[in-house]
Amino acid sequence: MTLKTIEGTFTAAKGRYALVVGRFNSFVVESLVQGAIDTLVRHGVEQSELTIIRVPGAFEIPLVAQKVAQRGEFDAIIALGAVIRGGTPHFEYVAGECTKGLAQVSLQFGVPVAFGVLTVDSIEQAIERSGTKAGNKGAEAALSALEMVSLMAALEAK
């Protein structure tokens with residue numbers, strides 16, 4: 001017996017992509033943005049199909065992602081930002097609400113939302129995850145978005 005498998009690919013994921021980007025910790029976030037753009041273009045997405053929307057920080061990303069999803073113009077949203085732990089509970093609130101809000105947007109509107117918001121304990125970890133030792137999480141989020149766009153199309157075609 002053969003099990004039927006439906007999955008997305010990276011090659012059949014043409015579409016329009018919104019990158020919702022938090023400006024806070026921009027020294028890290030800009031590397032995430034570049035990684036995402038490079039990955040999308042390398043997989044055949046035209047730069048004219050990309051829109052970058054900048055917000056103050058990670059906490060504001062879900063609201064803007066919601067507005068973007070509501071408009072129905074984009075096949076996927078890529079959320080990019082960086083929340084670095086400090087000495088107060090602020091980190092937990094921002095990271096948790098950003099994560100929860102983005103999941104809610106995806107479920108509410110049926111639009112893939114790729115999570116490329118770093119939630120790290122130190123600046124060193126942020127730097128590692130934005131293009132050095134631990135890869136580029138912006139590029140990984142872009143790959144996730146590509147795959148999800150393709151998967152959603154496959155599911156709708158069935």
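Cβ coordinates come from backbone N, Cα and C, glycine included.
Taken straight from Swiss-Prot:
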type: ACT_SITE; residues: H90; note: active site, proton donor
type: BINDING; residues: F24, A58, F59, E60, A82, V83, I84, F115; note: 5-amino-6-(D-ribitylamino)uracil binding site
type: BINDING; residues: G87, T88, R129; note: (2S)-2-hydroxy-3-oxobutyl phosphate binding site
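Positions of Swiss-Prot features highlighted on the structure.
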residue	record	CB count, 10 Å
F24	5-amino-6-(D-ribitylamino)uracil binding site	17
F59	5-amino-6-(D-ribitylamino)uracil binding site	19
E60	5-amino-6-(D-ribitylamino)uracil binding site	19
A82	5-amino-6-(D-ribitylamino)uracil binding site	27
V83	5-amino-6-(D-ribitylamino)uracil binding site	25
I84	5-amino-6-(D-ribitylamino)uracil binding site	18
G87	(2S)-2-hydroxy-3-oxobutyl phosphate binding site	6
H90	active site, proton donor	12
F115	5-amino-6-(D-ribitylamino)uracil binding site	22
R129	(2S)-2-hydroxy-3-oxobutyl phosphate binding site	23
Recorded positions near A58 (5-amino-6-(D-ribitylamino)uracil binding site) (Cα-Cα within 10 Å), from G87, T88, H90, R129: none
Top Cα neighbour of A82 (5-amino-6-(D-ribitylamino)uracil binding site) in the set of recorded positions T88, H90, R129: R129
Cα distance (Å, whole number) from H90 (active site, proton donor) to V83 (5-amino-6-(D-ribitylamino)uracil binding site): 10
Number of other Cβ atoms within 10 Å of the Cβ of T88 ((2S)-2-hydroxy-3-oxobutyl phosphate binding site) across all protein chains: 8
Residue from G87, H90, R129 whose C-alpha is spatially nearest that of F24 (5-amino-6-(D-ribitylamino)uracil binding site), among the recorded positions: H90
Nearest of the binding-site residues (F59, E60, F115) to G87 ((2S)-2-hydroxy-3-oxobutyl phosphate binding site) - Cα to Cα: F59
Residue among recorded positions T88, H90, R129 with Cα closest to the Cα of E60 (5-amino-6-(D-ribitylamino)uracil binding site): H90
Nearest of the binding-site residues (I84, F115, R129) to H90 (active site, proton donor) - Cα to Cα: I84
Binding-site residues clustered about R129 ((2S)-2-hydroxy-3-oxobutyl phosphate binding site) [Cα within 10 Å; pool: F59, I84, F115]: none
